[in-house]
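Novice: The structure that follows is given in the form of structure tokens.
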Amino acid sequence: MTEMLLIGLGASLGAALRWILTLTWKKWGRSGWPIATLFINLTGSFLIGWMSNIAMTDSLRLFLTTGLLGGYTTFSTFNTELLAMLDEGKTARWWGYMLISVLGGLGFAWLGMCV
């Protein structure tokens, strides 16, 4: 039960942080790209990779990786944004965003593991 509460608390905090960053980007960013989601998913990938090599208790790992960073990163938003790009006929943007997100996510997770 404690583990479930730790994950739930972490996920709530991660989702709130994602929401704040997304609102902040929408206020100042005007590129047409979903930069906030890209930033969130790349930094989340890096942090999960980085934390995989850090000694910590199982409870703290569940709170930080499964909870906080699981709530922070957002695969569903990424997919919704990709579908919207296809619907709008923005094929080149779709390819760019998809490749940067997937390859960048892998790269950032690897980088985090190497730090």
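Glycine is no exception: its Cβ is also placed from the backbone N, Cα and C atoms.
Quick caveat, the model's predicted, so the values are computed rather than measured.
Sharing the features that TrEMBL gives for it:
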BINDING   Gly70, Thr73  Na(+) binding site
TRANSMEM  32-50  transmembrane segment
TRANSMEM  62-82  transmembrane segment
TRANSMEM  94-113  transmembrane segment
Novice: Grab the same-chain neighbours of the transmembrane segment (62-82) for me: Cβ-Cβ under 8 Å, and only residues 6 or more beyond its ends, written as numbers and ranges.
Specialist: 3, 6-15, 17-18, 34, 37, 40-41, 44-45, 47-48, 51-52, 56, 94, 97-98, 101
Novice: Determine the minimum-neighbour residue: among Gly70, Thr73, listed as binding-site residues, which Cβ has the fewest other Cβ atoms within 10 angstroms?
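Specialist: Lowest Cβ count within 10 Å among the binding-site residues (Gly70, Thr73) is Gly70.
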Novice: Can you tell me whether DSSP puts Gly70 (Na(+) binding site) in helix, strand or coil?
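Specialist: For Gly70 (Na(+) binding site) - judged by DSSP and reduced to three states - the answer is helix.
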